[in-house]
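The purine D-ribonucleoside binding site annotation in Swiss-Prot covers 4, 179, 180, 181, 203, 204. Under the heading phosphate binding site, Swiss-Prot lists 20, 24, 43, 87, 88, 89, 90. Marked as active site, proton donor by Swiss-Prot on the basis of sequence analysis: 204. Among the features that Swiss-Prot reports, site 'Important for catalytic activity' is placed at 217.
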C-alpha cells in the first residue's frame, strides 16, 4: 500500500489508464475491461484492474490538476512499478481548425505551473510523450477515421481564467488545447524512465464558446478510450 492507494502489490497492472474523474474510472472498468476488480477506494479515488483483449490493464482516477495527478502518478510508478501511463480526459481547444469532439494526442505539454520551475532551478524543461505510444495511438485513431490532431498542449493551473489573452498568445504559437494535468504526468514519467501519453477529447472550444452535450462527450469519450486501450497493447 501507498499513502493514497490501498492496493496490495500485484493488484495493479503495468499498464494503466488515468481519467481525472474516479467515476469515469469505474465506467471504463465496467464497460471495457473483463473481470474488473476494484483495488482502491481511498478518498473515493477509485481504481480497477481487469483485462482488455487478453492484456491486463488497470484504470485509476487521479483528480484534477498538477498536484493531484502528481500524487497518483508518483505512487503508481514508485510503489507499484507501473510502466505505461495513459491519461484519458477532456480539453478545451484554442485552434480554429479543431472542433468539439475531435481527439487530441499530446506530443508535449507546456505549462504555467511552478512545479517544474522549482524542480529544474527555473529552467524550462519540455515534458514530452513516449513516441511509441503516441505513434500507435495516432495509427489507431486514423485507421478508425477519427478526427485526430497531434501537437503541443498547455497544462493550466487555472480553470476559471479572467482573461483569454494568454490562450490567444499560445494559439498563435500553435498550441492546440488547454487542460490541467499532462505536463506533470510527462515529467514524472521521464523521472522514473516510464512511458506516458495523454489522449484528450475536445469538450469545448475556449475561444469560440462552442460546447458539446453530455451525450456527445460520452460518445467521443468511448472512442478515445478504445484508442488508448488499443495503443496500450503494444507495451
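Glycine is treated like the rest: Cβ placed from N, Cα and C.
Keep in mind that this is a model prediction, so the values were computed, not measured.
Overlay of Swiss-Prot annotations on the structure.
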residue : record                               : DSSP (3 states)
4       : purine D-ribonucleoside binding site : coil
20      : phosphate binding site               : coil
87      : phosphate binding site               : strand
179     : purine D-ribonucleoside binding site : strand
203     : purine D-ribonucleoside binding site : strand
Pairwise CA distance, residue 4 (purine D-ribonucleoside binding site) versus residue 89 (phosphate binding site), rounded so that it is a whole Å: 21
Binding residues 4, 179, 180, 181, 203, 204 (purine D-ribonucleoside) - maximum C-alpha distance in whole Å: 31
Residues 20, 24, 43, 87, 88, 89, 90 [recorded phosphate binders]: greatest CA to CA distance in Å: 22
Listed recorded positions (24, 43, 217), ranked by Cβ neighbours within 10 Å, top entry: 24
Rounded to the nearest Å - Cα separation of residue 43 (phosphate binding site) and residue 181 (purine D-ribonucleoside binding site): 19
Same-chain residues at least 6 apart in sequence whose Cβ lies under 8 Å from residue 203 (purine D-ribonucleoside binding site): 90, 91, 92, 100, 211, 212, 217
Whole-number Å value for how far residue 88 (phosphate binding site) lies from residue 179 (purine D-ribonucleoside binding site) (Cα to Cα): 11
180, 181, 204 screened against residue 24 (phosphate binding site), Cα within 10 Å - retained binding-site residues: none
